[in-house]
Amino acid sequence: MRLFRVTAPPRIRRGLLFTIVMSLISLWLLMQHMSSPTDEKNVPSHGSDVVKHETSVKETTYTQNKNMRQPLTHDNSGKTQPIAADSAALVIVLEDEKQKDFGTQILVALDANRFRIKSVKFESQELPPLVKSGEGLFSVIIFQNLLTYINLKETDRAHIDNYCRNYGVGIIAFAGPSLDHEYSSQVGNFPMVMDQKLILKDLSLNKNSPVFHITKSEVTLKGILPGEDWTVFRSNHSTYQPIAQAKTSTQDMINIVPSVKPFLHATILQDLGHYDGIQRIFFGSNFSLWIHYILFLDCVRYLSGQRLSVDLKRYILVDVDDIFVGSPGIRMKPDDVEAMVVEQTILSELVPGFRFNLGFSGKFFQRGTKEENEGDERLLKHADKFWWFPHMWNHMQPHKYNSSSKMIQDMKRNKQFAQDKWIPVKQGYAVAPHHSGVYPVHEELYSAWKSVWQIEATSTEEYPHLRPARSRRGFTHKGIMVVPRETCGLFTHTNFFREYPGGKMRLDHSINGGELFRTVINKPVSIFMTHLSNYGNDRLGLYTFDKLVRFVQAWTNIQLTTLPPVETARKYFEIFPAEKDPLWRNPCEDKRHLEIWSAKKNCHQLPQLIVVGPQKTGTTALYTFLALHPYIKSNVPSEKTFEELQFFSGPSYNNGLDWYMKYFPAGKNSSDQYLFEKSATYFDSPLAPTRVHALLPKAKIIAILTHPANRSYSWYQHMKVHNDKAAINHSFYDVITAGSQSDRSVKSLQKRCLEPGKYATHLSRWLKYYSKQILIIDGDQLREDPVTVMGKVQRFLGIRPRLDYKHFLKYDSRKGFYCIVKHKGKSECLGKSKGRVYPPMEPTAVEYLNLYYRQHNLQLHGLLESYGLTVPEWLIRDVSQKP
């Protein structure tokens, strides 16, 4: 026991004593295991749905590349069924408060690596459909708790197991904390036993396992493993092989049977699928052991047939902001600069292309102590060894400038400083102080950057929000690439190890498998933000990146490299091309964003109501009627699209939020006015619902629906009046029935005639975001009884006072619809293009469209009823008719 006194605190001593007893039990169990019924000749049955090992299941074979999984095959052709290209990971998590945290960790790990996820809470939710149109929807199935999988209802278990066999999909399951007093137990009907409540040490990996990708297989993790409730697995069946193994914590101290070699316990066990045709991997603990995190990602990659996989290349760039900005006493001295040069040389040998990227504000040059001013001069002496990028001359936030000319003047002053001091600023990259103006966008900053510095790239941690960091994305605006930035835990106030939150131990944990390490693992491109003060004083920056690079290279196959800033940005959008288009969000919904948004901009200058269309259903009439209310105000007309801004569905979206807001009157508060806009192109736009919700999550939505056949014919006639050649030269029936070989102009007209009328398809995208904030108007009722409809609209908006529209609308028998009552009882109708009387639709077209839209209308009816929304009378009549 003297051994314990020297090295272990009381908690560990108690654990070790407990483990000695457990080791004796384990050795006894091991001896029993040698003759246990888990050999291949005595495998217990899983039930009638499971294929017997010795009769039907083809054993897995591997190619020369051990990381390439060969899926098991189960049909006569020797092929598994197809998996959808956009397949996801299905994760079954627990609702239990004590255990749900780990379920969240699993989801975060997958989300951080951009994998698609479908999560299901065990017990409260049913299993989702696994197959659609013959394609598998999931490429791996993950159980937070192994017992959840074992104890599934027989039908659910058979459903999942059969899916895995037919589609070559694997299962990952984690052994949860032991909930009873059993130390060993059979794992369901598998030929396998798990032993629990163990303290382990010295984790090693099985080099022959085919799963390793990120993780280096040759490594051994020495020492006691975290946690006192480890689960290990044992079996004699050939279907099982260990991925990771460890000893019990007291194993080296016990020598009961000298002839028996030290026994390694399988902490992660792989089921090769020999037994029942399904490949599985079982984890004996969670992510409290950091290496489990990357092993989990490797197992996801392997069992998904590499569908859920990440590349091993990682591009890192280390920015050093404010290289001359700092209070006297915390700035860099000459020795600090020399240390930075030396460390850069070391890192460049480990990370090809590595250079520190220094950001400067010339105003603060030579503002420190005498020795620190010498440090500034030493930086200039080594200027050509680093990359450099500009801040503002006086480090002022861009949104605080009174004019763009003043901002440009300061940028030019900083540029002149760089020229005078021979600072090589040629990278086409800049960073705004405190990320002001980058996002939320300050248009003057982008224009000034382009004009003065010819900037091509910048970075921010604010898009779409600061937290969670894993959700940060990139976008492009006005030709400038905006790449997400990482904080890495080093800030202007962390000048000493003791000032790092949690101290040096916390920093080391972040580097050695913690948050900073996971950032490198999860993100193919990382721009790290650090500051001048991190490289003087205790030189935290040098320590952090030296240790991080060495740790990553010691334990993983990750290939680190550094590119110049603009090339880094290009690489980012090469990897994530879909992010080039921005998704503008509401600055008023984020406190941090409000702090770096211009005070000149008004949170009450955004609409509260959007009329989304579709076209030719009465949207202009509704727009006109709404504008009669003294408190309801629309946007001012656009120069190109008139009363419709078409911001969320057209090229104007790339003009940015400032462009959109300039069309709305500014109010002091939301009670001054109720703003709205109408753009009928929004309804069937695939992008508009997401864009509208991102910017206006609390807005109310109105959609007007008429019979899609009538809408289609009205659009055709509208285009004919506007001299569309396809409409002039072809009958309506010819257009809607045009084949694939038809002229492009005819196909284009056909699409605009037919596609918007697939109401259920388009409406479902809006209901995803606005199920409680949407009003469906019957277009026929709006035409025939607008007074009643406008009453419903006012109640929906909650507007006060309410307008009695019977005094403002009058039926015009010549036009065939209601017009606005003006002075002395005279009426003013909509423009000439509204209310036209068209020739009757061809009977063949009526018959064709009724059949074409039949299924779509049935879907619409069901959709509206399921959400408790108004079902138009025309739709009730349509679905009640026999086909």
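In case you wondered, yes, glycine gets a Cβ from its N, Cα and C as well.
According to TrEMBL, the features are:
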- Lys616: active site, for sulfotransferase activity (ACT_SITE)
- Ser714, Tyr818, Lys834, Gly835, Arg836, Val837, Tyr838: 3'-phosphoadenylyl sulfate binding site (BINDING)
- Cys819-Cys829: disulfide bond (DISULFID)
- 90-303: domain 'Heparan sulfate-N-deacetylase N-terminal' (DOMAIN)
- 314-517: domain 'Heparan sulphate-N-deacetylase deacetylase' (DOMAIN)
- 607-855: domain 'Sulfotransferase' (DOMAIN)
- 12-31: transmembrane segment (TRANSMEM)
Spatially closest candidate among Lys616, Cys819, Cys829, the listed recorded positions, to Ser714 (3'-phosphoadenylyl sulfate binding site) (Cα to Cα): Lys616
Cα distance (Å, whole number) from the residue listed as 'active site, for sulfotransferase activity' to Tyr838 (3'-phosphoadenylyl sulfate binding site): 13
Cα-proximity to Cys829 (disulfide bond), 10 Å cut-off, over recorded positions Lys616, Tyr818, Val837: Tyr818
Cα distance (Å, whole number) from Val837 (3'-phosphoadenylyl sulfate binding site) to Lys616 (active site, for sulfotransferase activity): 14
Whole-number Å value for how far Cys819 (disulfide bond) lies from Val837 (3'-phosphoadenylyl sulfate binding site) (Cα to Cα): 16
Sparsest-packed among the recorded positions, when each Cβ's other Cβ atoms within 10 Å are tallied, from Cys819, Cys829, Val837: Val837
For Tyr818 (3'-phosphoadenylyl sulfate binding site), nearby residues of its own chain (Cβ under 8 Å, 6 or more apart in sequence): Ala621, Arg783, Pro786, Leu809, Lys810, Tyr811, Asp812
CB contacts for Lys616 (active site, for sulfotransferase activity) [other CB atoms within 10 A, all chains]: 24
Cβ atoms near Tyr838 (3'-phosphoadenylyl sulfate binding site) (within 10 Å, other residues, all chains): 13
All-chain count of other Cβ atoms within 10 Å of Ser714 (3'-phosphoadenylyl sulfate binding site): 18
